[in-house]
Amino acid sequence: MSGAELAGTAAGLYARGWLEGTAGNLSVRLSGDSALITASGVSKGRITAADVVEVGIADSRPVREGAPRPSAETTIHTALYRLSPGSHAVVHAHPPYATAIAILSARRGADTVTFTDLEIIKGLGLTDPSKVVVPVFENHAHVPAIADDVTERLTADAPPVMLIGNHGATTWGPTLEIARNRMECLEALCQLTLLVDRTAA
Ligand SMILES: CSCCC(=O)C(=O)COP(=O)(O)O
Ligand SMILES: [Zn+2]
């Protein structure tokens, strides 16, 4: 897995309008105990292989001196890699419908959102796709506190998707393509839920 592949996936998500401004971050696990993650504060629509940083999964720090500053959300990515040894990629984005659901959840003080009986749940790769309970984390200003909450709340068999209140969504999986697909499925679940809720109102 290379920085160019990360950049290509990021460009695709940017083109969909899910990484507005400099939003979003993507990473892949490397062999050993490190991961390659996008640099902080750069447009993910035009990053290149030079805009990725290798960080340690144990300490979330750049492996090499002089590297660009890694994503501000690196600690969330590394917490997920520690939690889920079979996961080799993490995608964080701000897709509009998932972010709207994250905002509504935060307003209601809800720490989960449940989706039931929607075919697209199957795209999340769950054993029982009839229902998925998606955790919603508080958007602490100090990002490592979000990572601490992730470590505390999630178990290895948790669904590979989460929302961050007032912020966005994070998904993970065995490959970058699967983590990206899961982001698309989560966004579709949120979009369908908001569309149907509005139609029924
Ligand atoms: C302009 S978006 C604010 C930060 C954020 O939510 C994000 O996803 C990007 O952070 P990064 O440090 O990875 O650029
Ligand atoms: Zn974000």
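Heads up, the Cβ atoms here are built off N, Cα and C, so glycines get one too.
Because TrEMBL annotations are produced automatically, they should be read as predictions rather than curated entries.
Model, not experiment: these values are computed from the prediction.
Copied over from TrEMBL:
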DOMAIN    4-194  domain 'Class II aldolase/adducin N-terminal'
BINDING   H92, H94  Zn(2+) binding site
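Within the same chain, the residues at least 6 positions away from H92 (Zn(2+) binding site) whose Cβ sits under 8 Å from its Cβ are G24, N25, L26, S71, E73, I76, H77, G168, A169, T170, listed in sequence order.
Sequence-distant neighbours of H94 (Zn(2+) binding site): residues of the same chain at least 6 apart with a C-beta under 8 Å from its C-beta are W18, L19, E20, A23, G24, H167, G168, A169.
In the three-state DSSP classification, H94 (Zn(2+) binding site) falls within coil.
Within the model, the domain 'Class II aldolase/adducin N-terminal' (4-194) shows a mean pLDDT value of 97, rounded to a whole number.
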